[in-house]
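Some features that TrEMBL has for this protein:
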- 330-612: domain 'ABC transmembrane type-1' (DOMAIN)
- 644-868: domain 'ABC transporter' (DOMAIN)
- 978-1262: domain 'ABC transmembrane type-1' (DOMAIN)
- 1298-1532: domain 'ABC transporter' (DOMAIN)
- 255-280: region 'Disordered' (REGION)
- 73-91: transmembrane segment (TRANSMEM)
- 103-121: transmembrane segment (TRANSMEM)
- 133-150: transmembrane segment (TRANSMEM)
- 329-347: transmembrane segment (TRANSMEM)
- 367-385: transmembrane segment (TRANSMEM)
- 548-575: transmembrane segment (TRANSMEM)
- 587-611: transmembrane segment (TRANSMEM)
- 968-991: transmembrane segment (TRANSMEM)
- 1022-1044: transmembrane segment (TRANSMEM)
- 1097-1114: transmembrane segment (TRANSMEM)
- 1120-1140: transmembrane segment (TRANSMEM)
- 1205-1227: transmembrane segment (TRANSMEM)
Amino acid sequence: MSAALEEFCGSIFWNASYLSRPDADLPVCFQQTVLVWVPLGFFWILAPWQLLPMCKSRAKKSSVTKLYIIKQVLATLLMLTAVAELALAFVEDTEQDPLPAVQYTNPSLYIATWLLVLLIHDARRFCLCRDSGILFCFWTLSLLCGILPFQSLLRRALQVGLVGSSVLPYGLVRSTKKVPSDFISWQDISGITGVPAVTASFLSSITFEWYTSMVFKGYRKPLEIEDIWELKGKDKIQAIYTVWEKNMKTAVRKAQAELEKRKRKKRRQKTDPDHGNNMSKAQSQDILVLEEKQPKRKKKGDKGDSGPRKDLPRGWLVKTLCKTFWQNLLLSVAFKLVHDGLVFVSPQLLKLLIAFVSDEESFAWQGYLYTILLFLTALIQSLCLQQYFSLCFQLGIKVRASLIAAIYKKALTMSSATRKESTVGETVNLMSADAQRFMDMANFIHQLWSSPLQIILSIVFLWGELGPSVLAGIAVMVLLIPINAFLVAKSKTIQVRNMKNKDERMKIMSEILNGIKILKLFAWEPSFEKRVNEIRARELKDLVNFSYLQSISIFVFMCAPFLVSLASFAVYVLVDENNILDAQKAFTAISLFNVLRFPMAMLPLVLSSLVQTNVSTVRLERYLGGDDLDSSAIHHNPIAGSAVLFSEATFAWEQDGNAAIRDVTLDIAPGSLVAVVGAVGSGKSSLVSAMLGEMENIKGHINIQGSLAYVPQQAWIQNATLKDNILFGSELDEARYQQVIKACALLPDLELLPAGDQTEIGEKGINLSGGQKQRVSLARAVYSNADIYVLDDPLSAVDAHVGKYLFKHVLGPKGLLQKKTRILVTHSISFLPQVDNIVVLVAGAVSEHGSYSTLLANRGAFAQFLNLYGSQEEDASDKNTTEQDDEDIEPIVEESLDDVVTMTLKREASIRQREFSRRWELNLSSQVSPWALHCSLGKRVPGGFPGGFLQRRDWEPPYVKFSMYLRYLHAVGLCYSFWVAMGYVGQYAAFVGTNLWLSAWTDDAERYLNQTYPVEQRDLRIGVFGALGLLQALFLLFATLLSARGAMRASRVMHQQLLSNILRVPMSFFDTTPTGRIVNRFAKDIFTIDETIPMSFRSWLSCFMAIISTLLMISLATPFFALIIIPLSIFYYFVLRFYVSTSRQLRRLDSVTRSPIYSHFGETVSGLSVIRAYGHQQRFLKQNESTMDINQKSVHSWIVSNRWLAIRLEFVGSLVVVFSALLAVISKGTLEGGIVGLSVSSALNVTQTLNWLVRMSSELETNIVAVERVHEYTKVKNEAPWVTEKRPPRGWPSKGEIQFVDYKVRYRPELELVLQGISCNIAGTEKVGVVGRTGAGKSSLTNCLFRVLEAAGGSIIIDDVDIATIGLHDLRQNLTIIPQDPVLFTGTLRMNLDPFDQYTDEEVWKALELAHLKTYVQDLPEGLLHLVSEGGENLSVGQRQLVCLARAVLRKAKILILDEATAAVDLETDNLIQTTIRSKFADCTVLTIAHRLHTIMDSNRVMVLQAGRIVEYDSPEELLKKQGTFSAMAKDAGIVNTETTTL
């Protein structure tokens, strides 16, 4: 080979003696062949692909830029040089002997190459990215290879004194040529797409330079979602999901086929008598029949799951993922392989470097060469690693995105049976938890093959260094695995137990916050505080145990590297006295052991994560493989004269369940109004669901002509503006819109809402009353202008007079919808005479149908039904109808008087319609951004934010102040903090000591070069090395145990302060702060303080000390290094500052934009029937896609920011390595091998630590905010003290007299008065009813008695004690209230009645008896200890109301306030309550806040309030005679005299 080359060059090809001299050089022939052909070969293999855009692209070329012209000119010049060289060769050839062939071939090759370069430059104009990566690599290679000939030419020139060859200009031209080609800046073309990543040059892409502007922007100002660059087209959800769905379908089909095969096999086994499965023939036949039945049932679509639930098509999910993302997987494997290979090059170079320093004879250029190689290795390694990570994280978010999109789509098409299998919560969990698991797994999936590979390679190299004694070190590592596993298992059980405690604490907390009004009115706060503190104590005990375990496992983990090296070295030296530990062996081994640590730690983690992902796979496959909705029974054939036709329709909720509607045959004519009536549970709603195709068809069909609109029983309201809720995706037609709003009685509501129809409505319509929601839902249907209206009892939630108005203007024969077909399910009898047709359902079948008069004449079920209910409704309704018809008045807008809040809101709204300085806040997701939430909702309301009901967000400061860290350290205890820090200092002092000792030990090899190594010296070395290592571990253990104690102390202090303060703040705080936000303080922020902050603090300290000690060791070896530290640390600091602020904001944007995905999903699932009825699935899919793209782009940006940082930090790390090596080379003669090994091996390790320090700083900054947020709530102003110096006399109030003396009150200082100076006396034992229109101040009156509101003037005196002078608990414990909505807490029934255990069991039973609950409670298996579920869900509303009555009876105070329950209580319960009150509280003063006048007609006196003043105050009889406000109200309610009050 070399002979042929020598002939080709005409000179010698290789001569080793060239290298063994101080001014080493390469032979000319080697330079002319190898160094020229390597770059050219690389280029010619890869370049032709770069011309593809020219061939296939239809796109127009981009314009010619200056840069393009410069590049082309330079390439042409290079080509001309090559031509000149060739010409020169020919000229010289004719003059003298023939030249060697190389003189012709090289220029010809170059001419072809430069031509190709010109072409490629032109071809790149078809691409968005003008720059070519292959050209970049070619230039870099050419430059590297050109340097060597260039320097030998220079040398020759200096010797000869003239330049005699054309290669010189080459090297020069080439080095200049490189510049323009690579550093094509993207700024000039990023405008095209708005996505700089697309147009970034190659260099910019691999170093993420294009992202720098974003980091600067984030540093200068808080980032908003608009600032973040869009995703590339191929990264958008739609593109990803299209591919994924295609692959999923084929995979599912295959899995389905396999499943069928498995089934057939099973069946064969069962029928085959040889396999006689220990059953008789008959049995196995039965089983076969069962097996046969099921598959037949569900063979629809390509995703049906046939057979029982446990046997599903499996294993398709992973296949689909691999098939969809194979390119990404392959690329990342390539990068990872390069990186893993290079990881092992550094230790070998280190070995060579140590050998170089120890060897007197070696040449200086070798040292410089090793240094350059170390630098290049580190550089390429970090570039590959960052590309690999970038790919992995991209894969993660894409996998998560496609799973979420698939789950969302499935939710829209899934059958009701499958829907029943999983609750909304579970499905959202699939989205958040399971998809997240896949994302985490995708990040580390390659560790599955890379970790074993790295472990094997490390062992191979170590064996080369230390021989079999490596096994000792590896044995230690392997032994540590079970110890770690044991610790992990232990801490897992603690964690699980702690999660239970946490859940329990959070459950009580959210109950406390939801029922805070009751706690305050009954003065029960101390009891609940005690309960929470008990749970918290258990939680902290577990937490501290967990921290102890954690410190032990950290201790083990920290001991590991040192124990491993101790074991290996000790065994190595002890096995054979000829084995002397020299620097090469020791430090190469140490850096290899460092390489080993990472895969050893990662592998178990990845495996456990794999197990978890497996669980998720099964869950996702079950969900995504479930049945789809089958609406084949709904036909759309045109049949004249019929809008909806039921033909023997029988439907059930589940395929083999009982039929909910049977054999219904109905023909509904177009344009008719049909009422569907029947008792509760007779199948009215099922009939509606069947029409919508939500049920499983058993036989028959339904034919529907035209489009549908649907109003469900429970209004479904989206989290959007009121207007969007009504338009529901249709175009806006202003005239019709106004008409609809007027007809649906929404105009008065719009006046009250802060921004009219632009008001943002909270989740589940939280800021609308029940009646408003129902009317919005109705308006949506009316606006949609469909042909057929299906109305499921829309009038139940509104007041009677509003119901009449709606019927008249919308539904009835004269309403807006008079020409449409309307099917109205109703309970209200008063409208029946006006409908065209009535359908009476009994037990799912139509018992009779016809017009009102026909049915009455039939004397069937319907007539009886009317006789039962009719009489009461008729007289009331007659009077009202007459009045309504006389003057067509707009109804008074009803609302559930849920609370003081709604009242305040309205009052506030009216005052502040124009200024939204104090925006009302309601926390949507539990955690959204500190600045604006509106960006996450993706739309801005024109003109700032009217409607900012949900706006001002959960607070988070833009910058982290140092005081927060101090506050946390104060909570830990300054003494603790100091000793923890000292522990870490001690640990790292010992660490430096260990390493210096090792370096001294290795220098013994030089000292005792040809002598026997003294045994006592050897034992001393091993002993001290061991002792120092142990000391290091003990210091660490001391520090971590102390920090565990300190952290627990901080947690306890902070939670205690937060809880006791929250229970003492006034009611107004809870009215203006969303519960979600307060709960968030107790959940997320306390969790952060408990677990995240201590960890972050420890890691930060540890990293910081590690870096300091490394720099110290390098400076000890080469003192000049200290000078280099300064500029490096300045650069590092700036990168860190920039990055940390941007990273925090991106994290924040991620959480802001993530919650809308889940809330939109939850909303979709709860409103599924509505979305399907209107046929809006596509629109919702689109909306989900855009919501997700917004989140994806912020996550994507965050990922890139991490890579941006890592590349820069690793560059700093590489510089540290280079300088430590360079200085070692420069100061060669003065250094021992050991100290050089120490300094360079520490430097090699510093890169990771630098990276970690930034991560930890950023995490600590993100988390420390929790301290401030908790602190903020411990500073909220408290209400008056619970107990003051002045205590009321014992047995107060004994008479029960109440005096109001010119009493005024307002809700907040800046608002106007609610009660405007009330004066009246209420005698002892008097029964007083309080009435008034909505907003007259009735509820404010009770709030004043309990001092939930403090007086703005005047006073209330009860039995000669001014209530403002005594403690709140003294006051509240002596009054009793039966509140409007019955609130119960989780716990026993007894706890709900008597939380302080003040009464005996007999008294409790007595109270229950008086509340008519005794028999019910006696029948319960646990009696008084019966557990009440959250919010009292397992009791009926009536029973809950009776429990509240029992509370009052048990307290038996002299004054009872009865805030009458408006809704939900049936007449029977109401009667029970009234009788008990009349008998039991005969000797008490009773104030009844009435909403129905019937209840107060037998009071002694009635107080009529209007606009905060008393307008009438007398006995009911007197007031009826006066033609005043009261008699008008009575007339409305159909009461003529006090006798008509019987119900």
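Note that Cβ sites are derived from N, Cα and C of the backbone, with glycine treated the same way.
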Touch test for the transmembrane segment (1097-1114) and the transmembrane segment (968-991), at least 3 Cβ pairs under 8 Å: yes
Per-region confidence, the domain 'ABC transporter' (644-868) (mean pLDDT, whole number): 86
Intrachain residues whose Cβ lies under 8 Å of the transmembrane segment (103-121), provided they are six or more past its termini: 32, 36, 40, 43-44, 47, 50-51, 54, 68, 71-72, 75-76, 78-79, 82-83, 85-86, 89, 92-93, 132, 134-135
Candidates 330-612, 644-868, 1298-1532; stretch with most C-beta pairs under 8 Å toward the domain 'ABC transmembrane type-1' (978-1262): 330-612
Close approaches to the transmembrane segment (329-347) from elsewhere in its chain (Cβ under 8 angstroms; 6 or more beyond its ends): 322, 374, 377-378, 380-381, 384-385, 387-388, 391-392, 395, 445-446, 450, 453-454, 457-458, 461, 588, 591-592, 595, 1244
